[in-house]
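Participant: The structure follows.
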Amino acid sequence: MFLYLCFIFQRTCSEEMEEENATLLTEFVLTGFLHQPDCKIPLFLAFLVIYLITIMGNLGLIVLIWKDPHLHIPMYLFLGSLAFVDASLSSTVTPKMLINFLAKSKMISLSECMVQFFSLVTTVTTECFLLATMAYDRYVAICKALLYPVIMTNELCIQLLVLSFIGGLLHALIHEAFSFRLTFCNSNIIQHFYCDIIPLLKISCTDSSINFLMVFIFAGSVQVFTIGTILISYTIILFTILEKKSIKGIRKAVSTCGAHLLSVSLYYGPLTFKYLGSASPQADDQDMMESLFYTVIVPLLNPMIYSLRNKQVIASFTKMFKSNV
């Protein structure tokens, strides 16, 4: 089906270009933060440090969960998967941005652009599904504590993880397939620091209304479904906690769920505003800042958010550190 769509869209593009006798652009310029040329070196160093800390933090968390048998439970399986996705998301965007800070040419080929876009949509969507899965896991742990081992079996956890990654891949394939109908013949300037769908649609000389509709339908559906799952899960958790009227239980629930709620807020806030304001042609700078937050800053913060207030993770880290000294 995907190959058929690609064939149809490529054929349509070639026919349109033959009719218009236009020149097809196959390279683009990522403007990024070019409007601040005096800050190139400081920005390069800042983002390099952020990227290194992000990779070390997320990979370190994965290794910690993998090595400690006490962390081989669903909650940490999902957390390790989130750390992997965060490291992948940051690696999709940051290296190219760092190269562009130092390179004279800011060019990116169409094929490179499509690969980056595909990787970005896959990781961003997968993270949405993972955050929803983690909310469901917390719901079962708090509201159905006695049945938790029965419900959250290894088989179910693996299925939820696989579905999250498949959902991310399918979402990316849909937008990638529809992007083959686009042609670029007027401008090759992408007002962004990576290849994203909205900036590409803005410079396309093909009618991109179908693509905008696909973004609205599919990206909107993913956000509504995952945010809805998270809100329902935590609403039930809240009522369950209030019914128990136990200070100790409330503290434990807040400690367990607080990190996840903070991560969800930081991630979905800019992501939602980005697509709500994407139709505005004046929103380029704001769009870049929102994108920077959920592609670079959130992957940096997540390991800290989930680790600093988690006694099990801290104890595991201390134990592993002492054993290696």
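If you go along the chain as it appears here, the first residue is 1 and each next one adds 1.
Backbone N, Cα and C atoms are what each Cβ position is placed from, and that goes for glycine too.
Pasting the relevant annotations from Swiss-Prot:
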type	residues	note
TOPO_DOM	1-41	topological domain 'Extracellular'
CARBOHYD	Asn21	N-linked glycosylation site
TRANSMEM	42-62	transmembrane segment
TRANSMEM	71-91	transmembrane segment
TOPO_DOM	92-115	topological domain 'Extracellular'
DISULFID	Cys113-Cys205	disulfide bond
TRANSMEM	116-136	transmembrane segment
TRANSMEM	156-176	transmembrane segment
TOPO_DOM	177-212	topological domain 'Extracellular'
TRANSMEM	213-233	transmembrane segment
TRANSMEM	254-274	transmembrane segment
TOPO_DOM	275-287	topological domain 'Extracellular'
TRANSMEM	288-308	transmembrane segment
Participant: Near the transmembrane segment (156-176), which same-chain residues lie under 8 Å Cβ to Cβ, leaving out any that are not at least 6 residues past its ends?
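Facilitator: Hits for the transmembrane segment (156-176): 2, 74, 77-78, 81, 114, 117-119, 121-127, 129-130, 133, 136, 197, 211, 214-215, 218-219, 222.
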Participant: With the transmembrane segment (213-233) as the reference, find which of 42-62, 71-91, 116-136, 254-274, 288-308 contributes the most Cβ pairs under 8 Å.
Facilitator: 116-136
Participant: Can you find at least 3 Cβ pairs under 8 Å between the transmembrane segment (42-62) and the transmembrane segment (288-308), where each pair is 6 or more residues apart in sequence?
Facilitator: yes
Participant: Determine the mean pLDDT over the topological domain 'Extracellular' (177-212), rounding to the nearest whole number.
Facilitator: 86
Participant: So of Cys113, Cys205, which of the disulfide-bonded residues has the fewest other Cβ atoms within 10 Å around its own Cβ?
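Facilitator: Among the disulfide-bonded residues Cys113, Cys205, the sparsest Cβ neighbourhood within 10 Å belongs to Cys205.
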Participant: Same chain only, please: residues at least 6 beyond the ends of the topological domain 'Extracellular' (92-115) with a C-beta under 8 Å from a C-beta of the stretch. Say none if there are none.
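Facilitator: Distant contacts of the topological domain 'Extracellular' (92-115): 25-34, 40-41, 43-44, 47-48, 50-51, 54, 123, 176, 179, 184, 190, 193-195, 200, 295-296.
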